[in-house]
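**Student:** Structure incoming, see below.
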Amino acid sequence: MDADTGSRPVEDLTGRARIRDAALAEFAEHGFTGTTMKRVAAGAGVSIGLVQHHFGTKEALRQACDEAVIEAFRRDLTTAAVEGELGDPDFLSALQGSSPPLLRYLARVAVDDGPAAAYVFDQLAAGAEEFLAHTFPDRFEAGSAQVKAVAAVMAAMHSGTIVLHRHLARRLGVDPLGRADSSVPLAILDLYAAMGEFVGSEVGQQIRTSVVAQRRLEEQKRHGRRSGDGRAD
């Protein structure tokens, strides 16, 4: 990702870009409320006046950070989509090693439901949906409510490794956002393999039968409410 502070193109080495990068780090570490223009200025090595000149307010600065993250991820996600990698189980883990500063920012704003986090999640869900429908066409019909639900859950599970990276670091002894490491993708693959066996087991089938029965009851209740509304008209 070009927006990574360690791999910016020469044309991005401007005062405005340095301020934005400093803000990314501050927002990621302290959140929007805990970040001050003074801290951002100090991190960028510029005056507060220059920060205000380029961005005006802290809210405008956060918006610029959101836009930078969205653009960086758009490039990576578009490339992955073209190459057919977006739905790969280890894609997100590979993405994690590409730009820790942006991902740390994303991990923070995801809790606040910011636009950058929403964009990345929607793209991951769309990629997962395409992957599932293409790989398992008999199980997941393209465009169906089922594949959309499964893809959204899949995206949430994988993006959770970003949001909860500090807890992963505590348990694994390595921060997945700090450097490239195979622990997370290997654990994901092991989990998928084990769950495939579990679902086919007697206990797994019992759980599925119970959940399916619950789903049918929910659908019957919804159908009953719709029928009641129709009679009321």
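Glycine is no exception: its Cβ is also placed from the backbone N, Cα and C atoms.
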**Student:** Could you tell me which of the ranges 16-35, 36-55, 76-95, 176-195 is annotated in TrEMBL as DNA-binding region?
**Tutor:** 36-55
**Student:** If I take every residue in the domain 'HTH tetR-type' (13-73) and average their pLDDT values, what number comes out?
**Tutor:** 90
